[in-house]
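Accompanying notes for the structure given below.
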Amino acid sequence: MASSCSIRCGSRNILVNAAATFLALLVVLRCFANAEKPSPCQSDVYCRGELLHTIQMASIYKDSKTFVDMKMKRPPDETLKSFREFMERHEQMPTRYQIERFVNDTFDPEGSEFEDWDPDDWTFRPKFLSRILDDDLRNFASELNGIWKMLGRKMKDDVRVNEELYSIIYVPHPVIVPGGRFREFYYWDSYWIVKGLLLSEMYTTVKGMLTNFVSLVDKIGFIPNGGRIYYTMRSQPPMLIPMVDEYLKITHDYEWLENNLYLLEKEFDFWMTNRTVEIEVDGVNYVLARYNEQSSGPRPESYKEDYLTSQSFRTNEEKDNYYSELKTAAESGWDFSSRWFILDGTNKGNLTNLKTRYIIPVDLNSIIYRNAVLLAQYNQRMGNESKVAYYQKRAAEWKRAIQAVLWHDEVGAWLDYDILNDIKRDYFYPTNILPLWTDCYDIAKREEYVSKVLKYLEKNKIMLNLGGIPTTLEHSGEQWDYPNAWPPLQYFVIMALNKTEDPWAQRLAYEISERWVRSNYKAYNETHSMFEKYDATVSGGHGGGGEYEVQLGFGWSNGVIMDLLNRYGDKLTAEDRFVATFHSNSTPQPVVVSTAGQVMTGILALVISLAAGFIGKMRCANNAAQ
């Protein structure tokens, strides 16, 4: 019997037979097309319409995001009236120079929504610095602590009073932004920012950011991709509940939890209601989550780029489906990556082959499982027994589904699932081991899972890259592909391995941490900048590719490094060394210093050392079995 999947679309269920996958795409797209798609937001200035199209296609600015972050000088109706008169004066064909003058006359520069803000809870020397023994790394962490003040943003009260003049979404409390072109808060970035802020003892700032987030859930129904109205049809990986968990571990502010638990549940319900899909495997139906944005038109912040690439499609329906795929990939946080390409059942192709809506991601579902577990715990604390049972049931169902649909025993990892071709996607991503972090597997078989995952990582040669773990092994030119290494993915792998309590996995977690910290430290020393992403192939190199230049700042990069320095600060050193011995106690360990000419020898020794660990582990397991 051929396996099949049931895809929920609106109120209907569509049964997709794997033997006829060429019909699957047609059926699903037709279902999506039955209802007219809404625009990214209701603004005829920032999200849709002739004004947006004319200005963005004129390429006044190098970055399309610049215009849609500007403030209108007059109300929207007056702005649109001025635009119509402008177009009439120039017979509907203004020059680029004339369009630029119109924009300068009609809009204030980007960033006009903010005022200076000096956080009251910032401290010059947070306690975690004392746990970092290496002087250079301690100074590095101290400087990262200072960067929070540069990344802090507080909105002017005028944004609240005259919200229609801005594309930014008003929130009552100051925020820490990623940096560079990202002038507003971003959803999943904020998890690592919060981790760093908590180490910096900026508890009031964190509480304000969490309060901002739940206010958005209350207002919009979920947390958007970022703090602009053009993001309000898409979200990002649902990291709010894990953020709250980090805050509660440090502050024990259960009054905040009691007041806002219903909003955490509301966000969870959004994902259950709007982002789930039924899949049948071996005659059993499972429910898992996917990313799925459904608005029309190009992304306003990348309007020209999207519009031009859409011209390879013939019909408006095909173009709108392509736009939805672009925005769905943005919702995933991985915009863009060959991870979301489907071409003849493979990950080959280019942006026109994006099929993010038809891929069940390991990481998204692992996070949703963890959210259900945490909501059960929170309701237990509040005495809501019926809700405890509900979330425990959800978590158990999710764990079973992840095991049945995503785990590949022969590969030794969890794999994304392609619902068009009804296959697991056997391509390396750091997120393929994320269930180890969220405990979304049979803990009783931990040793078996860990052994297979370690062999999987060794097979994919993750330690052959001096600058970190690459995002994928594909050379597509997209920024979420090789050779870029992204901070959150390093964090996921390190924490997943460390949480197993397996000494070999924890050793590997330490060595990945050491390599990542040293690469970031080297880049910072040479440029006095923290980057959004790094080059996996070289220590100290920043990443590239994608739609925009590499960004400085940078929120999640700082948070990850601070967390690793707090965790391993009693062992890490700034110099380029390869650890000769490592134990789990707190005593600093002896190291062997390598010269630049010995780098490859050191890598080889490290790989051999790990391989020996794998072999020894398997022998011990075999002896025990005998």
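Placed from the backbone N, Cα and C atoms, the Cβ positions cover glycine too.
If you look up Swiss-Prot, you'll see 1-35 marked as signal peptide, on the strength of sequence analysis.
As annotated by Swiss-Prot, topological domain 'Extracellular' applies to 36-595, with the evidence given as sequence analysis.
Its Cβ taken as reference, ASN104 (N-linked glycosylation site) is surrounded by 12 other Cβ atoms within 10 Å in the chains shown. Under the heading N-linked glycosylation site, Swiss-Prot lists ASN104 (among others).
The substrate binding site feature in Swiss-Prot is assigned to ARG181, TRP188, ASP189, ASN225, ARG234, SER235, GLN236, ARG299, PRO300, GLU301, GLY333, GLU547; the stated evidence is similarity to another entry. Residue density at ARG234 (substrate binding site): 25 other Cβ atoms are found within 10 A of its Cβ, drawing on all protein chains shown. Secondary structure at ARG234 (substrate binding site), as computed by DSSP, is coil.
Its own atom aside, the Cβ of ASN274 (N-linked glycosylation site) has 14 Cβ atoms within 10 angstroms in the protein chains shown. Under the heading N-linked glycosylation site, Swiss-Prot lists ASN274 (among others), citing sequence analysis as support.
Sequence annotations record features per position, and here Swiss-Prot assigns active site, proton donor/acceptor to ASP335 (among others). Residue density at ASP335 (active site, proton donor/acceptor): 23 other Cβ atoms are found within 10 A of its Cβ, drawing on all protein chains shown.
Remark: ASN350 (N-linked glycosylation site) has PHE341, SER476 as non-local neighbours, by Cβ distance under 8 Å and separation of at least 6 in sequence. Among the features that Swiss-Prot reports, N-linked glycosylation site is placed at ASN350 (among others).
Residues or ranges marked as N-linked glycosylation site in Swiss-Prot (evidence: sequence analysis): ASN384 (among others). Mapped onto three states, the DSSP output places ASN384 (N-linked glycosylation site) in coil.
The N-linked glycosylation site annotation in Swiss-Prot covers ASN498 (among others). Following the DSSP three-state reduction, the secondary structure of ASN498 (N-linked glycosylation site) is helix.
Residues annotated as N-linked glycosylation site in Swiss-Prot, with sequence analysis given as evidence: ASN525 (among others). Mapped onto three states, the DSSP output places ASN525 (N-linked glycosylation site) in helix. For ASN525 (N-linked glycosylation site), the same-chain residues lying six or more positions away in sequence with a CB closer than 8 A to its CB are GLY540.
Its Cβ placed at the centre, GLU532 (active site, proton donor/acceptor) has 27 other Cβ atoms within 10 Å. Look at Swiss-Prot and you will find GLU532 (among others) tagged as active site, proton donor/acceptor, backed by similarity to another entry.
What Swiss-Prot records for 596-616 is transmembrane segment.
Note on the topological domain 'Cytoplasmic' (617-626): its mean pLDDT in the predicted model is 44. Taken from Swiss-Prot, the feature topological domain 'Cytoplasmic' applies to 617-626.
Distance noted between the C-alpha atoms of ARG181 (substrate binding site) and GLU532 (active site, proton donor/acceptor) is 11 Å. DSSP assigns GLY333 (substrate binding site) to coil in the three-state reduction, placing it in neither a helix nor a strand. The Cβ of PRO300 (substrate binding site) lies under 8 Å from the Cβ of PRO40, TYR46, CYS47, LEU52, GLN56, SER64, VAL68, TYR230, each of which sits 6+ residues away along the same chain. It is 17 Å from the Cα atom of GLN236 (substrate binding site) to that of GLU532 (active site, proton donor/acceptor). Comparing C-alpha positions, GLY333 (substrate binding site) sits nearest to ASN274 among the glycosylation sites ASN104, ASN274, ASN384, ASN498. Here the C-alpha separation of ASN104 (N-linked glycosylation site) and ASP335 (active site, proton donor/acceptor) works out to 30 Å.
Classification of ARG181 (substrate binding site) by DSSP places it in coil, neither helical nor stranded.
Cα distances from ASP335 (active site, proton donor/acceptor) to the recorded positions ASP189, ASN384, ASN498 are smallest for ASP189.
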